[in-house]
Amino acid sequence: MFAAMAAPVNDPEHGFCRDCLTLQRGRTMRCERCGSPRIVRHPELHKLHIAHIDCDAFYAAVEKRDNPALRDKPVIIGGGKRGVVSTACYIARIQGVRSAMPMFKALEACPEAIVIKPDMEKYVRVGREVRAMMFALTPQVEPISIDEAFLDLAGTEKLHGLPPAMVLARFSQAVEKEIGITVSAGLSYCKFLAKIASDFRKPRGFAIIGKEEAVSFLADQPVTMIWGVGKAFSEVLARDGIRTIAQLQKMERSDLMGRYGVMGDRLYRLSRGQDDRRVEPDHDAKSVSAETTFDTDIATMDDLVPVLRALSEKVSTRLKKANLAGRTVVLKLKSQDFKIRTRNRQLGDPTRLADRIFSTGLDLLRKETDGTKYRLLGIGVSDLSDDGKADPPDLVDMQSRKRALAEGAIDALRDKFGRKAVETGYTFGKGHRGRPSRPDEDEGPEVQHPWERI
Ligand code: DCP
Ligand code: MG
(Lines of atoms letter the chains of each structure in order from A and count residues from 1; the text may use other names and numbers.)
(Lines give C-alpha, C1' and ligand atoms only; values in the text may rest on other atoms or scores of the structure.)
(Ligands and ions follow the chains in the order given, each with its own letter.)
Protein backbone atom coordinates (compact mmCIF):
# COMPACT_ATOMS: atom_id res chain seq x y z
CA MET A 1 0.00 0.00 0.00
CA PHE A 2 2.83 2.41 0.78
CA ALA A 3 5.22 1.22 -1.93
CA ALA A 4 4.58 4.29 -4.05
CA MET A 5 6.02 6.52 -1.39
CA ALA A 6 9.11 4.50 -0.60
CA ALA A 7 11.67 6.62 -2.41
CA PRO A 8 11.53 10.20 -1.08
CA VAL A 9 9.80 9.49 2.22
CA ASN A 10 12.29 11.43 4.28
CA ASP A 11 12.56 14.42 2.05
CA PRO A 12 10.94 17.39 3.80
CA GLU A 13 10.18 18.83 0.39
CA HIS A 14 7.55 16.17 0.09
CA GLY A 15 4.50 16.59 2.22
CA PHE A 16 1.84 13.93 2.47
CA CYS A 17 -1.92 13.63 2.38
CA ARG A 18 -3.58 12.87 5.71
CA ASP A 19 -6.45 11.11 3.98
CA CYS A 20 -4.77 8.72 1.53
CA LEU A 21 -1.22 8.99 2.96
CA THR A 22 0.21 9.60 -0.51
CA LEU A 23 3.43 11.56 -0.70
CA GLN A 24 3.07 14.87 -2.49
CA ARG A 25 5.75 15.51 -5.04
CA GLY A 26 4.62 18.98 -6.06
CA ARG A 27 3.48 22.00 -4.04
CA THR A 28 -0.23 21.81 -4.86
CA MET A 29 -2.82 22.67 -2.20
CA ARG A 30 -4.78 19.51 -2.81
CA CYS A 31 -3.68 15.90 -2.78
CA GLU A 32 -2.31 14.81 -6.12
CA ARG A 33 -4.10 11.53 -5.72
CA CYS A 34 -7.39 11.97 -3.85
CA GLY A 35 -7.94 15.73 -4.02
CA SER A 36 -8.12 16.13 -0.24
CA PRO A 37 -7.03 19.53 1.12
CA ARG A 38 -5.55 17.91 4.23
CA ILE A 39 -1.92 18.10 3.15
CA VAL A 40 0.87 18.16 5.73
CA ARG A 41 4.09 19.95 4.84
CA HIS A 42 6.79 21.08 7.19
CA PRO A 43 10.54 21.64 6.82
CA GLU A 44 11.19 19.49 9.91
CA LEU A 45 8.57 16.92 9.01
CA HIS A 46 10.88 13.97 9.33
CA LYS A 47 13.02 15.15 12.24
CA LEU A 48 10.32 15.35 14.90
CA HIS A 49 9.21 12.42 17.00
CA ILE A 50 7.51 13.62 20.20
CA ALA A 51 3.77 13.32 19.76
CA HIS A 52 0.72 14.19 21.80
CA ILE A 53 -2.61 12.61 20.98
CA ASP A 54 -5.90 13.76 22.48
CA CYS A 55 -9.39 12.51 21.62
CA ASP A 56 -11.88 15.14 20.47
CA ALA A 57 -14.80 15.91 22.81
CA PHE A 58 -14.16 12.45 24.17
CA TYR A 59 -17.27 11.52 26.22
CA ALA A 60 -19.56 13.24 23.71
CA ALA A 61 -17.86 11.53 20.77
CA VAL A 62 -18.40 8.12 22.35
CA GLU A 63 -22.10 8.87 22.90
CA LYS A 64 -22.50 10.09 19.33
CA ARG A 65 -20.82 6.98 18.06
CA ASP A 66 -23.28 4.84 19.99
CA ASN A 67 -26.32 6.81 18.89
CA PRO A 68 -25.96 8.17 15.36
CA ALA A 69 -29.20 10.16 15.77
CA LEU A 70 -27.15 12.53 17.93
CA ARG A 71 -24.56 13.17 15.25
CA ASP A 72 -25.64 16.63 14.15
CA LYS A 73 -27.11 17.71 17.47
CA PRO A 74 -25.52 19.71 20.29
CA VAL A 75 -24.67 17.19 22.99
CA ILE A 76 -23.58 17.90 26.55
CA ILE A 77 -22.27 15.23 28.87
CA GLY A 78 -22.82 16.11 32.51
CA GLY A 79 -24.33 14.99 35.72
CA GLY A 80 -27.27 15.78 37.95
CA LYS A 81 -29.40 18.87 37.97
CA ARG A 82 -26.80 20.67 40.08
CA GLY A 83 -23.89 19.16 38.21
CA VAL A 84 -21.35 20.58 35.84
CA VAL A 85 -20.52 19.97 32.20
CA SER A 86 -17.99 17.18 31.75
CA THR A 87 -17.70 17.92 28.08
CA ALA A 88 -19.68 19.21 25.15
CA CYS A 89 -19.50 18.27 21.50
CA TYR A 90 -18.10 20.84 19.10
CA ILE A 91 -21.61 21.83 17.92
CA ALA A 92 -22.52 22.80 21.50
CA ARG A 93 -19.16 24.55 21.94
CA ILE A 94 -19.99 26.93 19.08
CA GLN A 95 -22.77 28.21 21.35
CA GLY A 96 -20.33 28.74 24.21
CA VAL A 97 -20.71 25.54 26.22
CA ARG A 98 -17.47 24.50 27.95
CA SER A 99 -16.18 21.78 30.28
CA ALA A 100 -16.62 22.52 34.00
CA MET A 101 -19.41 25.02 33.32
CA PRO A 102 -22.38 24.74 35.66
CA MET A 103 -25.12 22.88 33.83
CA PHE A 104 -27.66 25.67 34.22
CA LYS A 105 -25.31 28.10 32.48
CA ALA A 106 -24.61 25.62 29.70
CA LEU A 107 -28.34 25.21 29.10
CA GLU A 108 -28.79 28.97 29.04
CA ALA A 109 -26.17 29.14 26.30
CA CYS A 110 -27.54 26.16 24.39
CA PRO A 111 -31.14 25.38 25.42
CA GLU A 112 -31.65 22.82 22.67
CA ALA A 113 -28.71 20.71 23.82
CA ILE A 114 -29.23 17.05 24.55
CA VAL A 115 -27.83 16.27 28.00
CA ILE A 116 -26.48 12.81 28.66
CA LYS A 117 -25.29 11.47 32.00
CA PRO A 118 -21.71 10.21 31.93
CA ASP A 119 -21.16 6.49 31.55
CA MET A 120 -17.69 6.31 33.04
CA GLU A 121 -17.29 2.59 32.58
CA LYS A 122 -17.85 2.93 28.89
CA TYR A 123 -15.43 5.84 28.54
CA VAL A 124 -12.75 4.01 30.48
CA ARG A 125 -13.23 1.03 28.16
CA VAL A 126 -12.97 3.14 25.01
CA GLY A 127 -10.00 5.05 26.46
CA ARG A 128 -8.23 1.74 26.99
CA GLU A 129 -8.93 0.69 23.41
CA VAL A 130 -7.37 3.90 22.11
CA ARG A 131 -4.42 3.41 24.43
CA ALA A 132 -3.91 -0.16 23.23
CA MET A 133 -3.67 1.18 19.69
CA MET A 134 -1.02 3.64 20.87
CA PHE A 135 1.02 0.85 22.40
CA ALA A 136 0.94 -0.87 19.03
CA LEU A 137 2.94 2.09 17.69
CA THR A 138 5.57 2.19 20.43
CA PRO A 139 6.06 1.12 24.05
CA GLN A 140 7.04 4.74 24.72
CA VAL A 141 3.54 5.88 25.65
CA GLU A 142 2.94 8.16 28.63
CA PRO A 143 -0.77 8.27 29.38
CA ILE A 144 -1.88 11.64 30.73
CA SER A 145 -5.59 11.18 31.21
CA ILE A 146 -8.44 9.02 30.02
CA ASP A 147 -8.19 10.38 26.47
CA GLU A 148 -4.66 11.66 25.94
CA ALA A 149 -1.06 10.55 25.94
CA PHE A 150 2.43 11.48 24.88
CA LEU A 151 4.31 9.16 22.58
CA ASP A 152 7.94 9.13 21.65
CA LEU A 153 8.10 7.70 18.16
CA ALA A 154 11.88 7.87 17.84
CA GLY A 155 13.31 4.75 16.28
CA THR A 156 9.98 3.37 15.08
CA GLU A 157 10.45 4.13 11.41
CA LYS A 158 11.86 0.73 10.56
CA LEU A 159 9.04 -1.05 12.30
CA HIS A 160 6.32 0.96 10.59
CA GLY A 161 8.03 1.69 7.31
CA LEU A 162 6.91 5.28 7.78
CA PRO A 163 8.28 8.33 9.57
CA PRO A 164 6.54 9.46 12.82
CA ALA A 165 4.40 12.14 11.15
CA MET A 166 2.83 9.61 8.82
CA VAL A 167 2.50 7.02 11.55
CA LEU A 168 0.44 9.56 13.47
CA ALA A 169 -1.78 10.34 10.51
CA ARG A 170 -2.35 6.65 9.93
CA PHE A 171 -3.10 6.18 13.62
CA SER A 172 -5.77 8.94 13.57
CA GLN A 173 -7.42 7.27 10.61
CA ALA A 174 -7.33 3.88 12.27
CA VAL A 175 -8.98 5.22 15.45
CA GLU A 176 -11.77 6.75 13.38
CA LYS A 177 -12.31 3.53 11.51
CA GLU A 178 -11.88 0.98 14.26
CA ILE A 179 -13.18 2.84 17.31
CA GLY A 180 -15.47 5.38 15.71
CA ILE A 181 -14.25 8.58 17.37
CA THR A 182 -11.78 11.24 16.23
CA VAL A 183 -8.47 12.35 17.69
CA SER A 184 -6.15 15.31 17.26
CA ALA A 185 -2.39 14.92 17.14
CA GLY A 186 0.54 17.24 17.63
CA LEU A 187 4.14 16.59 16.65
CA SER A 188 7.17 18.47 17.89
CA TYR A 189 10.61 18.09 19.44
CA CYS A 190 9.34 18.42 23.02
CA LYS A 191 6.30 17.62 25.13
CA PHE A 192 5.31 21.20 25.79
CA LEU A 193 4.94 22.03 22.10
CA ALA A 194 3.54 18.65 21.09
CA LYS A 195 0.68 19.22 23.51
CA ILE A 196 0.08 22.73 22.20
CA ALA A 197 0.17 21.41 18.64
CA SER A 198 -2.45 18.74 19.29
CA ASP A 199 -4.77 21.43 20.61
CA PHE A 200 -4.11 23.78 17.75
CA ARG A 201 -6.42 22.51 15.03
CA LYS A 202 -8.94 20.47 16.99
CA PRO A 203 -11.07 18.54 16.13
CA ARG A 204 -9.50 15.99 13.72
CA GLY A 205 -6.44 18.16 13.91
CA PHE A 206 -2.83 17.57 13.07
CA ALA A 207 -0.23 20.23 13.69
CA ILE A 208 3.53 20.35 13.71
CA ILE A 209 5.70 22.80 15.59
CA GLY A 210 9.37 22.60 14.67
CA LYS A 211 12.46 23.86 16.43
CA GLU A 212 13.11 26.66 13.98
CA GLU A 213 9.72 28.27 14.44
CA ALA A 214 9.19 27.55 18.16
CA VAL A 215 10.27 30.91 19.55
CA SER A 216 8.39 32.98 17.00
CA PHE A 217 5.31 30.78 17.29
CA LEU A 218 5.30 31.14 21.07
CA ALA A 219 5.87 34.90 20.94
CA ASP A 220 2.34 35.50 19.64
CA GLN A 221 0.66 33.35 22.28
CA PRO A 222 -0.83 34.38 25.62
CA VAL A 223 0.97 33.42 28.85
CA THR A 224 -1.87 31.02 29.67
CA MET A 225 -0.47 28.67 27.06
CA ILE A 226 2.33 27.83 29.49
CA TRP A 227 1.79 24.85 31.77
CA GLY A 228 0.99 25.96 35.27
CA VAL A 229 -0.24 29.39 34.24
CA GLY A 230 -3.89 29.19 35.14
CA LYS A 231 -6.37 31.94 35.81
CA ALA A 232 -4.93 32.99 39.16
CA PHE A 233 -1.31 33.10 38.06
CA SER A 234 -2.11 34.84 34.78
CA GLU A 235 -3.77 37.55 36.87
CA VAL A 236 -0.57 37.93 38.89
CA LEU A 237 1.38 38.26 35.63
CA ALA A 238 -1.19 40.69 34.23
CA ARG A 239 -0.76 42.88 37.30
CA ASP A 240 2.93 43.00 36.43
CA GLY A 241 1.98 43.94 32.87
CA ILE A 242 2.89 40.54 31.36
CA ARG A 243 0.33 39.11 28.99
CA THR A 244 2.17 37.53 26.07
CA ILE A 245 4.93 34.98 25.85
CA ALA A 246 6.89 37.52 23.76
CA GLN A 247 7.25 39.63 26.91
CA LEU A 248 8.63 36.65 28.84
CA GLN A 249 11.10 35.96 26.05
CA LYS A 250 12.65 39.38 26.62
CA MET A 251 13.11 38.89 30.36
CA GLU A 252 16.18 37.54 32.14
CA ARG A 253 16.00 34.26 34.03
CA SER A 254 17.18 35.95 37.23
CA ASP A 255 14.49 38.60 36.95
CA LEU A 256 11.76 36.00 36.43
CA MET A 257 13.05 33.80 39.26
CA GLY A 258 13.36 36.79 41.56
CA ARG A 259 9.73 37.64 40.95
CA TYR A 260 8.08 34.21 40.71
CA GLY A 261 10.51 31.67 42.19
CA VAL A 262 10.51 28.20 40.64
CA MET A 263 7.64 29.21 38.41
CA GLY A 264 9.85 32.00 37.05
CA ASP A 265 12.35 29.43 35.89
CA ARG A 266 9.58 27.52 34.14
CA LEU A 267 8.37 30.71 32.47
CA TYR A 268 11.91 31.44 31.29
CA ARG A 269 12.44 28.00 29.77
CA LEU A 270 9.05 27.28 28.28
CA SER A 271 8.68 30.74 26.75
CA ARG A 272 11.82 29.90 24.78
CA GLY A 273 10.57 26.43 23.82
CA GLN A 274 13.06 24.71 26.14
CA ASP A 275 11.58 21.55 27.61
CA ASP A 276 13.75 18.49 28.05
CA ARG A 277 11.27 16.27 29.86
CA ARG A 278 11.25 12.82 28.38
CA VAL A 279 8.22 10.73 27.57
CA GLU A 280 8.01 8.45 30.59
CA PRO A 281 6.01 5.31 29.96
CA ASP A 282 5.93 4.27 33.59
CA HIS A 283 5.09 7.64 34.91
CA ASP A 284 1.36 7.19 34.70
CA ALA A 285 -0.85 7.82 37.69
CA LYS A 286 0.04 10.94 39.64
CA SER A 287 -2.91 11.04 41.96
CA VAL A 288 -5.90 8.93 42.80
CA SER A 289 -9.01 10.72 43.93
CA ALA A 290 -12.78 10.69 44.21
CA GLU A 291 -15.15 13.59 44.50
CA THR A 292 -18.83 14.28 44.50
CA THR A 293 -21.20 17.20 43.95
CA PHE A 294 -24.13 17.49 46.37
CA ASP A 295 -27.75 18.01 45.50
CA THR A 296 -27.98 20.72 48.17
CA ASP A 297 -25.02 22.78 49.38
CA ILE A 298 -23.85 21.68 52.82
CA ALA A 299 -21.74 23.28 55.53
CA THR A 300 -21.61 21.16 58.69
CA MET A 301 -19.26 18.40 59.79
CA ASP A 302 -22.32 16.26 60.41
CA ASP A 303 -23.21 16.36 56.77
CA LEU A 304 -19.70 16.38 55.31
CA VAL A 305 -18.03 13.64 57.36
CA PRO A 306 -20.00 10.64 56.04
CA VAL A 307 -19.31 11.77 52.50
CA LEU A 308 -15.62 12.14 53.28
CA ARG A 309 -15.60 8.65 54.73
CA ALA A 310 -17.32 7.10 51.71
CA LEU A 311 -14.97 8.87 49.31
CA SER A 312 -11.90 7.86 51.34
CA GLU A 313 -12.97 4.26 51.06
CA LYS A 314 -13.39 4.62 47.35
CA VAL A 315 -9.90 6.10 46.98
CA SER A 316 -8.46 3.34 49.13
CA THR A 317 -10.15 0.66 47.03
CA ARG A 318 -8.70 2.17 43.87
CA LEU A 319 -5.23 2.35 45.39
CA LYS A 320 -5.37 -1.24 46.51
CA LYS A 321 -6.58 -2.39 43.10
CA ALA A 322 -3.70 -0.58 41.39
CA ASN A 323 -1.14 -1.65 44.04
CA LEU A 324 -0.42 2.00 44.72
CA ALA A 325 -0.01 4.13 47.82
CA GLY A 326 0.16 7.89 48.21
CA ARG A 327 2.11 10.05 50.60
CA THR A 328 0.16 13.28 50.32
CA VAL A 329 -3.52 13.51 51.17
CA VAL A 330 -5.39 16.17 49.25
CA LEU A 331 -8.76 17.58 50.28
CA LYS A 332 -10.78 19.49 47.73
CA LEU A 333 -13.81 21.66 48.43
CA LYS A 334 -15.85 23.80 46.10
CA SER A 335 -17.94 26.48 47.73
CA GLN A 336 -21.34 27.79 46.70
CA ASP A 337 -19.65 30.52 44.64
CA PHE A 338 -17.56 27.92 42.76
CA LYS A 339 -14.30 28.81 44.49
CA ILE A 340 -12.09 25.76 44.90
CA ARG A 341 -10.07 25.14 48.05
CA THR A 342 -7.47 22.40 48.10
CA ARG A 343 -5.58 21.48 51.25
CA ASN A 344 -2.66 19.02 51.41
CA ARG A 345 -0.93 17.12 54.12
CA GLN A 346 2.14 14.95 53.73
CA LEU A 347 2.29 11.76 55.75
CA GLY A 348 5.38 10.12 57.23
CA ASP A 349 5.00 7.19 54.88
CA PRO A 350 2.71 6.38 51.97
CA THR A 351 -0.75 5.00 52.66
CA ARG A 352 -3.44 3.06 50.92
CA LEU A 353 -5.71 2.72 53.93
CA ALA A 354 -9.12 4.35 53.93
CA ASP A 355 -8.73 5.03 57.61
CA ARG A 356 -5.56 7.10 57.28
CA ILE A 357 -6.83 8.92 54.22
CA PHE A 358 -10.04 9.67 56.06
CA SER A 359 -8.50 10.80 59.34
CA THR A 360 -6.02 13.08 57.57
CA GLY A 361 -8.82 14.45 55.41
CA LEU A 362 -10.89 14.97 58.54
CA ASP A 363 -8.17 17.10 60.13
CA LEU A 364 -7.98 19.22 57.01
CA LEU A 365 -11.75 19.44 56.75
CA ARG A 366 -12.19 20.67 60.33
CA LYS A 367 -10.26 23.83 59.49
CA GLU A 368 -12.52 24.54 56.53
CA THR A 369 -15.88 24.13 58.23
CA ASP A 370 -16.27 27.80 58.99
CA GLY A 371 -19.89 28.16 57.94
CA THR A 372 -19.03 28.13 54.23
CA LYS A 373 -21.55 26.13 52.23
CA TYR A 374 -19.96 23.60 49.94
CA ARG A 375 -21.28 22.11 46.72
CA LEU A 376 -18.46 19.64 46.18
CA LEU A 377 -16.15 17.55 48.32
CA GLY A 378 -13.23 15.51 47.09
CA ILE A 379 -10.41 13.54 48.65
CA GLY A 380 -7.36 11.98 47.06
CA VAL A 381 -3.74 11.07 47.46
CA SER A 382 -0.78 12.13 45.37
CA ASP A 383 2.96 11.47 45.59
CA LEU A 384 2.25 7.94 44.46
CA SER A 385 4.52 4.95 44.75
CA ASP A 386 4.00 1.23 44.65
CA ASP A 387 2.57 -0.02 47.90
CA GLY A 388 5.65 -1.90 49.11
CA LYS A 389 6.48 0.69 51.77
CA ALA A 390 2.92 1.68 52.56
CA ASP A 391 1.53 1.76 56.08
CA PRO A 392 4.37 0.11 58.04
CA PRO A 393 3.20 -1.46 61.30
CA ASP A 394 3.11 1.45 63.70
CA LEU A 395 4.40 0.26 67.06
CA VAL A 396 3.80 3.59 68.68
CA ASP A 397 0.20 3.81 67.65
CA MET A 398 -1.34 0.45 68.40
CA GLN A 399 -4.72 1.89 67.57
CA SER A 400 -3.70 2.58 64.00
CA ARG A 401 -2.36 -0.96 63.68
CA LYS A 402 -5.64 -2.36 64.89
CA ARG A 403 -7.51 -0.18 62.45
CA ALA A 404 -5.28 -1.36 59.61
CA LEU A 405 -5.99 -4.97 60.51
CA ALA A 406 -9.71 -4.28 60.76
CA GLU A 407 -9.61 -2.62 57.38
CA GLY A 408 -7.95 -5.68 55.89
CA ALA A 409 -10.80 -7.77 57.26
CA ILE A 410 -13.42 -5.37 55.87
CA ASP A 411 -11.74 -5.49 52.46
CA ALA A 412 -11.85 -9.27 52.49
CA LEU A 413 -15.57 -9.22 53.33
CA ARG A 414 -16.29 -6.70 50.63
CA ASP A 415 -14.38 -8.72 48.09
CA LYS A 416 -16.56 -11.66 48.95
CA PHE A 417 -19.95 -10.02 49.40
CA GLY A 418 -19.71 -6.66 47.58
CA ARG A 419 -19.13 -3.06 48.72
CA LYS A 420 -22.43 -2.54 50.44
CA ALA A 421 -21.96 -5.59 52.65
CA VAL A 422 -19.98 -3.64 55.22
CA GLU A 423 -20.75 -0.13 56.34
CA THR A 424 -18.54 1.66 58.80
CA GLY A 425 -19.69 3.72 61.75
CA TYR A 426 -19.35 6.87 59.72
CA THR A 427 -21.46 5.85 56.78
CA PHE A 428 -23.86 3.41 58.43
CA GLY A 429 -27.47 4.46 58.03
CA LYS A 430 -26.58 7.99 56.96
CA GLY A 431 -29.15 8.46 54.26
CA HIS A 432 -29.50 12.17 54.85
CA ARG A 433 -29.15 15.05 52.45
CA GLY A 434 -25.42 15.29 52.89
CA ARG A 435 -24.90 12.08 51.02
CA PRO A 436 -23.84 12.46 47.44
CA SER A 437 -26.80 12.69 45.13
CA ARG A 438 -25.45 10.37 42.49
CA PRO A 439 -22.08 9.22 43.69
CA ASP A 440 -21.06 7.39 40.59
CA GLU A 441 -22.07 10.00 38.18
CA ASP A 442 -20.59 13.11 39.73
CA GLU A 443 -17.25 11.64 40.51
CA GLY A 444 -14.07 13.15 39.27
CA PRO A 445 -11.67 11.20 37.15
CA GLU A 446 -10.46 7.94 38.61
CA VAL A 447 -6.84 8.81 38.10
CA GLN A 448 -5.76 12.36 37.53
CA HIS A 449 -2.56 13.57 36.01
CA PRO A 450 -2.03 17.17 36.97
CA TRP A 451 0.76 19.00 35.19
CA GLU A 452 2.66 19.61 38.35
CA ARG A 453 5.99 18.26 37.25
CA ILE A 454 8.15 19.99 34.72
N1 DCP B 1 -13.60 16.01 31.57
C2 DCP B 1 -14.41 16.26 32.68
N3 DCP B 1 -14.37 17.47 33.31
C4 DCP B 1 -13.53 18.44 32.86
C5 DCP B 1 -12.69 18.21 31.76
C6 DCP B 1 -12.75 16.96 31.13
O7 DCP B 1 -15.18 15.38 33.07
N8 DCP B 1 -13.51 19.62 33.49
C9 DCP B 1 -13.70 14.71 30.90
C10 DCP B 1 -14.68 14.80 29.73
C11 DCP B 1 -13.82 14.84 28.51
C12 DCP B 1 -12.60 14.06 28.94
O13 DCP B 1 -12.47 14.29 30.34
O14 DCP B 1 -14.48 14.29 27.39
C15 DCP B 1 -11.34 14.46 28.22
O16 DCP B 1 -10.99 15.80 28.54
P17 DCP B 1 -10.45 16.81 27.47
O18 DCP B 1 -9.94 17.99 28.22
O19 DCP B 1 -9.52 16.13 26.53
O20 DCP B 1 -11.74 17.30 26.71
P21 DCP B 1 -12.51 16.65 25.49
O22 DCP B 1 -11.86 15.42 24.99
O23 DCP B 1 -13.94 16.48 25.85
O24 DCP B 1 -12.45 17.80 24.40
P25 DCP B 1 -11.21 18.25 23.50
O26 DCP B 1 -11.64 18.01 22.09
O27 DCP B 1 -11.02 19.69 23.81
O28 DCP B 1 -10.04 17.42 23.90
MG1 MG C 1 -9.80 15.40 24.65
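Cβ atoms here come from the backbone N, Cα and C positions, even for glycine.
What TrEMBL records for ASP54, ASP147 is Mg(2+) binding site. Counting every protein chain shown, 20 other Cβ atoms lie within 10 Å of the Cβ of ASP54 (Mg(2+) binding site). The DSSP secondary structure for ASP54 (Mg(2+) binding site) is strand.
Taken from TrEMBL, the feature site 'Substrate discrimination' covers TYR59. The number of other CB atoms found within 10 A of the CB of TYR59 (site 'Substrate discrimination'), across every protein chain shown, is 27.
The active site annotation in TrEMBL covers GLU148. Counting every protein chain shown, the number of other Cβ atoms lying within 10 Å of the Cβ of GLU148 (active site) is 22.
Per TrEMBL, region 'Disordered' is recorded for 424-454.
The Cβ of ASP147 (Mg(2+) binding site) has ASP54, CYS55, PHE58, TYR123, GLY127, VAL130 as same-chain neighbours under 8 Å, each 6 or more residues away in sequence. For ligand 2, the neighbouring recorded positions among ASP54, TYR59, ASP147 are ASP54, ASP147, by Cβ distance under 6 Å. In this structure the alpha carbons, written CA, of TYR59 (site 'Substrate discrimination') and GLU148 (active site) are 13 Å apart.
Reduced to three states, the DSSP call for ASP147 (Mg(2+) binding site) is coil.
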